[in-house]
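As recorded in TrEMBL, the features of this protein are as follows:
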type	residues	note
TRANSMEM	6-34	transmembrane segment
TRANSMEM	41-61	transmembrane segment
TRANSMEM	67-88	transmembrane segment
TRANSMEM	95-113	transmembrane segment
TRANSMEM	140-167	transmembrane segment
TRANSMEM	201-222	transmembrane segment
TRANSMEM	234-251	transmembrane segment
């Protein structure tokens with residue numbers, strides 16, 4: 001029970017500070033730290049991350065949310081999450097965990113590069129162009145939704161960079177918008193995995209409660225942190241977890 005409490009808190013803090021990334025840590029934490037199978041960890045992760053993201057979203061509403069982008073990415077992500085879940089059920093659990101490690105390394109490399117702060121076609125500023133924005137937003141939604149269903153990740157580690165680089169949102173708005181999209185994707189992914197799944201409520205609550213508290217508190221304090229320090233710390237963390245996952249999978 002203690003590992004679930006501690007690891008849940010870590011996941012919540014990452015969600016609150018970065019606006020995503022908690023789910024990419026949650027599944028390995030539940031598998032290697034708590035002792036769940038990947039089939040149990042994926043829906044549990046989606047449930048916990050979805051609720052924690054909703055809690056972390058509330059303090060960031062004042063930064064503004066890009067509702068058209070949320071609608072487009074979320075709508076595209078829902079069917080993609082179901083497709084990803086269907087594919088994931090056909091794959092060997094070890095392959096899924098190694099895929100996790102690869103995605104984590106890619107996310108870490110992405111976080112080490114500074115997000116672009118210029119406004120683009122999906123921004124709420126004068127450069128907004130909906131016809132150019134829509135296909136980009138749908139493409140992001142399909143990719144992130146598929147990974148959500150396949151690997152049980154909310155996709156925030158991909159959404160936030162995608163919102164700034166491809167859709168042109170500014171960082172502060174991208175973080176809040178990312179959290180809203182994570183809530184939608186996590187709900188869709190959980191629905192796709194929930195059939196025939198019995199939730200271990202004791203472990204789930206032990207993991208979820210500190211995650212929710214950590215996400216809310218971290219979201220409030222994150223305003224005082226420099227983006228560069230956040231990105232470097234998060235990258236180091238997920239590189240370490242990727243090594244942990246790879247070692248655990250190879251020796252399993």
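Cβ coordinates are placed from backbone N, Cα and C, and glycine is handled just like the others.
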Quiz item: Under a criterion of three or more Cβ pairs within a distance under 8 Å and sequence separation of at least 6, are the transmembrane segment (67-88) and the transmembrane segment (6-34) in contact?
Solution: no
Quiz item: Do we see three or more Cβ pairs under 8 Å linking the transmembrane segment (201-222) and the transmembrane segment (6-34), pairs being at least 6 apart in sequence?
Solution: yes
Quiz item: What stretch in 6-34, 41-61, 140-167, 234-251 has the biggest tally of Cβ pairs under 8 Å against the transmembrane segment (95-113)?
Solution: 234-251
Self-check item: Contact yes or no, the transmembrane segment (41-61) and the transmembrane segment (6-34), 3+ Cβ pairs under 8 Å, gap 6+
Solution: yes
